[in-house]
Amino acid sequence: MVGTPINGRTRLSFGVVNGGHDLGPSSAPPSNAGSDYGIIEFTREDVEALLNEKAKRKDRFNYKERCENMMDYIKRLKVCIRWFQDLEISYSLEQEKLKSSLELAQQKCTEIELLLKIKEEELNSIIVEMRRNCTSLQEKLVKEETEKTAAAESLVKEREARLNFERSQSTLQEDLGRAQRELQSANQKILSLNDMYKRLQDYITSLQQYNGKLHSELSTVENELKSVEKEKATVVETLTMLKGQLTLSMASQEEATKQKDALASEVTSLRVELQQVRDDRDRQLSQAQTLTSELEKSKDFTEKSCSELNKLTLRTNELETKCALQDERIKVLQEKLTTAEEKLQVCDISASETRIEFEGQQKLVHEMQRRLADAEYKVIEGEKLRKELHNTILELKGNIRVFCRVRPLLPDEGSSTEGNIISYPTSMEASGRGIELTQNGQKHSFTYDKVFAPDTSQEEVFIEISQLVQSALDGYKVCIFAYGQTGSGKTYTMMGRPGHPGEKGLIPRSLEQIFQTKQSQQPQGWKYEMQVSMLEIYNETIRDLLATNKSSADGTPTRVENGTPGKQYTIKHDANGNTHVSDLTVVDVQSVKEVAFLLNQAASSRSVGKTQMNEQSSRSHFVFTLRIYGVNESTDQQVQGILNLIDLAGSERLSRSGSTGDRLKETQAINKSLSSLSDVIFALAKKEDHIPFRNSKLTYLLQPCLGGDSKTLMFVNISPDQASSGESLCSLRFASRVNACEIGTPRRHTNGRPIESRLTYF
C-alpha cells in the first residue's frame with residue numbers, strides 16, 4: 001500500500017515498516033525521534049493490520065527468536081505511535097495557524113463589510129437612478145425592437161419570397177423551355193383543331209340563325225293562312241245567306257206571276273163587276289205598282305248580289321292560288337329545314353368527334369407532360385447518382401477534385417466588341433462539366449468535375465461541396481482551396497461579400513452547416529469539440545492572424561498586427577501525416593458567432609493591397625483551419641476530422657499589375673510560391689519519385705493535401721474578360737493537370753484524442 005502525501009511528506013509502503021527490506025537511498029529523511037526509517041504515514045488498514053498481527057512461531061521453545069520478533073514488533077509499534085504523536089503536533093500547529101488566519105480573515109471581513117455597506121448605499125442610489133433610466137430606455141428599446149423585428153421579419157419574408165420566386169422562375173423557365181419544344185407539334189394540332197372547331201361553331205350558329213328565320217317566316221305564313229281561312233269562312237256564310245235571299249225572291253216572283261194570271265182571269269170574269277169593284281181595282285193597281293217597284297228593287301239586288309258573288313269567287317280563287325303557293329313554299333322550307341337539321345346533326349357528330357379528339361390530344365399532352373416530368377426527375381436522380389459514383393471513383397483513385405467558376409463581367413469590361421471568349425458545351429456528357437475558351441480564334445476545351453456559370457449563386461456552389469464539408473465531421477481530412485489570377489473572384493467564393501447575407505462564401509456557409517449538424521447529432525449521443533486557427537503566408541513568412549498581446553493595460557487581450565513579434569513559426573509533419581505549426585494561436589469555439597468574430601479579426605489583419613488589376617487584391621495565402629474532435633458516449637466511437645479552407649493569392653503579370661516597390665516584392669513572392677505549386681503538380685502528375693514540397697512554405701504546408709490521405713478540392717476561378725484570356729487559359733490548363741493527379745486514398749480518423757491537444761493541420 002502507498003499513502004497519499006500530506007503536508008509535503010511522502011508515505012512509504014507498509015512493507016517497509018513491517019519488513020524493512022525496501023528501504024533505499026531514495027527514502028525520506030529520518031524523524032526527529034531517532035527512528036531508523038523515514039517519515040512514515042499510516043492508514044487505518046495499516047494500523048489494524050499491525051495490531052492484529054500474530055507472531056510467527058517456527059519453534060515454540062526458541063525464546064531468542066520470539067524476543068527478536070517481539071522487539072521488532074515493539075519497534076514498529078513505537079514508530080506508529082511516534083507517527084501519531086508527530087501528526088497530532090502538526091495538527092495542533094496547523095490549528096493554531098488556522099485560528100490566527102481566521103481571526104485576521106474575520107477582521108478583514110468586518111472591514112470589507114463596512115466598505116461594502118458604504119458602497120452598497122452609493123450603489124443603491126446609483127441603481128435607483130439607473131432603474132429610472134433603464135425603464136425609459138427599455139420602453140424605447142421595446143418599441144425599437146418591435147419595429148426592428150417587424151422590419152426584419154418583413155425583410156426576411158421578402159427575401160425568402162424573392163429567392164423562392166427566382167428559384168421557381170428559373171426552374172419554371174427551364175421546364176417551359178424543355179416542354180415547349182416537345183409540345184410545339186401538339187400545340188399546332190390543337191390550334192388546327194381549334195380553328196376547325198371555331199369554323200364549325202360559326203357554321204352551326206349561321207345554320208341556327210337561318211333555322212330561326214325559317215321558323216319565324218313559317219309562323220307568319222301560318223298566321224296569314226289562319227286569317228285567310230277566317231275570311232273564307234265569312235265569305236262562304238255571306239254567300240249562303242245571299243243564295244237563301246235569292247231563292248226567296250224567286251219564289252215571291254213566281255207567286256206574283258201566278259196572282260197576275262189569276263187576276264187577269266178574274267178581270268175578264270169580273271168585268272161585269274168592274275164598276276162594283278172599281279175601288280177594289282184602284283186598290284189593286286196601287287198594290288200592283290208597289291209590287292212592280294219591289295220587283296225592280298229585287299232585280300237590282302239580284303244583279304248586285306251576282307256581281308258581288310263573282311267578285312267573291314274571283315277573290316276565293318286568288319286566295320286558293322295563294323294558299324297553294326304558300327303550301328308549296330312551306331314544303332320547300334320544310335325540306336330545307338330537314339336538310340339543315342341533317343347537316344346540324346352531322347356537324348354535331350363532327351363537333352363531338354373533334355371534341356373527343358381534342359380531349360384525347362389533351363390527355364396525350366398531359367401524358368407527355370407527366371412523362372417529361374418523370375424523365376426530368378430520373379435525370380436529376382441520375383445526376384445525383386452520377387455525382388456520388390464520380391466522387392466515390394475519385395476517392396478510390398485518390399484524385400484531386402476540381403471545380404471551375406467563371407465570375408460575371410464587370411461594368412467596365414462589358415464594352416468589348418469581340419464577343420464572349422467563354423462558352424459552355426450543351427452535350428449530355430459535357431453539360432455542367434465542360435468549358436470552352438476562345439483565344440486568337442482557336443477554341444480550347446476543358447472538362448472538370450463541375451463548371452459554374454457567372455449566374456450561379458453562392459448557395460448553389462455550396463450545395464455542390466456540402467457533402468465534402470460533412471466528411472470533416474465524419475472524421476476525414478478535408479481541404480478546399482481557391483486558385484486563379486488576381487480579380488477572378490477567389491476571395492468572393494471563399495468569404496463572400498461582407499454585409500450581404502445572401503452572398504456568404506464557402507467558409508461561413510461551411511461553418512453554419514457544421515454547427516447545425518453538431519446540434520442535430522446531439523440526441524444521437526455525439527459531442528464535439530472544435531478549435532480554429534488562421535494564418536497567412538506573406539512573402540514566404542507565416543503570420544498568425546489571431547495573435548494577441550496578453551499583457552494589455554486594461555487586462556483584455558489586444559491584437560498584434562502581422563503575428564507576434566519575435567516568434568518563428570515552423571511547419572512540422574509527424575509520422576501519421578499530420579502537420580503542426582509551432583506557436584500558432586488556437587481558439588476553442590462553440591458557435592458560429594464566435595467563428596464569425598474571429599474571421600472578421602483575421603480579415604482586418606490580412607495583407608491587402610491595391611494594384612492596376614484589382615482594388616482590393618489579396619497579397620498573401622490565407623489558411624483557415626477547423627479541427628473537429630467528436631465522441632459518441634453511447635457507442636464509445638471517436639472521430640477526429642480537419643477542415644482546411646484556403647484562399648490563395650492571385651497570380652498576376654507584372655506588365656498588367658504595374659507593381660513597384662513592396663507590391664513588386666509581394667508579386668514576385670506570390671508568383672514564386674504558385675510556380676512551386678505547379679512544379680509539385682507536374683511531379684505528382686508524372687508520378688516522380690521526388691516531389692519538391694519544400695520549395696516554398698505554401699507547398700510544404702499543403703503537402704498532406706496534395707500527397708496524403710486528405711479529400712482535396714480545388715476551385716479554379718476564371719475571369720471572362722478578353723484582356724485576361726491568356727491568364728485564364730493558363731489557369732484552366734493548370735486545373736486540368738491538378739485534376740489528373742492521383743494522391744493517397746482518403747482515410748477516416750477514428751483514433752482516440754491525443755495527449756497533446758494543440759491544433760493539427762491537414
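Note that the numbers count up from 1, one per residue, in the order the chain is shown.
A Cβ is built for glycine as well, from the same backbone N, Cα and C atoms used for every other residue.
Remember, TrEMBL labels are computer predictions, not curated facts.
Marked as ATP binding site by TrEMBL: GLY484, GLN485, THR486, GLY487, SER488, GLY489, LYS490, THR491.
Residues annotated as coiled coil in TrEMBL: 102-343.
Positions annotated as domain 'Kinesin motor' by TrEMBL: 399-741.
The binding-site residues under consideration are THR486, SER488. Their Cβ neighbour counts within 10 Å are lowest for THR486.
Its Cβ placed at the centre, THR491 (ATP binding site) has 25 other Cβ atoms within 10 Å. A simple Cβ count within 10 Å picks out one of the binding-site residues GLY484, GLY489 as the most packed, and that one is GLY484.
The Cβ neighbour count for LYS490 (ATP binding site), using a 10 Å radius and every protein chain shown, is 27. Mean pLDDT, taken over the domain 'Kinesin motor' (399-741), works out to 81 on the 0 to 100 scale.
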